[in-house]
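These features come from Swiss-Prot:
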- 46-59: topological domain 'Mitochondrial matrix' (TOPO_DOM)
- 161, 196, 200, 207: Cu cation A1 binding site (BINDING)
- 196, 198, 200, 204: Cu cation A2 binding site (BINDING)
- 218: phosphotyrosine (MOD_RES)
């Protein structure tokens with residue numbers, strides 16, 4: 001999860017987030033090289049007295065500044081399209097969970113179980129225990145098995161919301177009357193925090209998300225107790 005004064009992204013917990021981190025570094029390096037070239041050209045223009053006032057035609061230069069940006073865009077687009085395809089691909093999920101956004105809490109339903117559903121509210125600051133995080137803890141965590149493909153069905157009962165967990169690389173809009181879906185797979189156990197990422201009213205900041213990723217045996221025990 002994030003920590004104070006953090007400059008980079010959160011540590012990747014899912015394969016998708018790892019790909020997004022690699023793509024971020026790839027794109028950032030391209031931006032750095034372009035910026036360095038532009039600054040170098042500007043410094044030359046400011047420090048040299050050479051001018052080309054008689055230049056009327058420069059087809060070679062025009063060819064370079066047409067082809068080079070096209071190549072750069074291709075180098076950015078290809079890995080981006082690959083990741084977009086991976087994010088939309090859903091192959092035989094092991095578990096399906098439906099989440100509904102409300103003003104201002106989340107409700108969850110495990111559709112593979114007959115009667116496993118609950119609401120998840122933020123714990124008020126005055127009720128927090130030592131070590132718990134302000135504005136991020138909930139009364140009911142979403143317990144999920146790790147190292148398994150899980151499909152999330154996301155919608156809303158009232159206004160626009162957005163279900164987001166940064167360390168898993170997830171952000172999906174919750175739209176009234178529309179059912180969106182996304183997949184997640186956590187590679188290690190732990191607690192993963194997120195929040196509503198669409199301004200949805202006065203208590204928008206009080207809609208945290210907490211995923212508790214556990215081994216399959218623990219999940220089976222928990223689900224049996226909940227049902």
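Each residue, glycine too, has its Cβ placed from N, Cα and C.
The residues near the Cu cation A1 site, meaning same-chain residues not in 161, 196, 200, 207 whose C-beta sits within 8 angstroms of the mean position of the site's C-beta atoms, are 101, 103, 104, 106, 162, 174, 195, 197, 198, 201, 204, in sequence order. Here the Cβ of residue 204 (Cu cation A2 binding site) has 17 other Cβ atoms within 10 Å, regardless of which shown protein chain they belong to. For the pair residue 204 (Cu cation A2 binding site) and residue 161 (Cu cation A1 binding site), the Cα-Cα distance reads 9 Å.
DSSP assigns residue 196 (Cu cation A1 binding site) to a strand.
A Cα-Cα distance of 5 Å separates residue 161 (Cu cation A1 binding site) from residue 198 (Cu cation A2 binding site). Comparing residue 200 (Cu cation A1 binding site) with the residue listed as 'phosphotyrosine', their Cα atoms are 35 Å apart once rounded.
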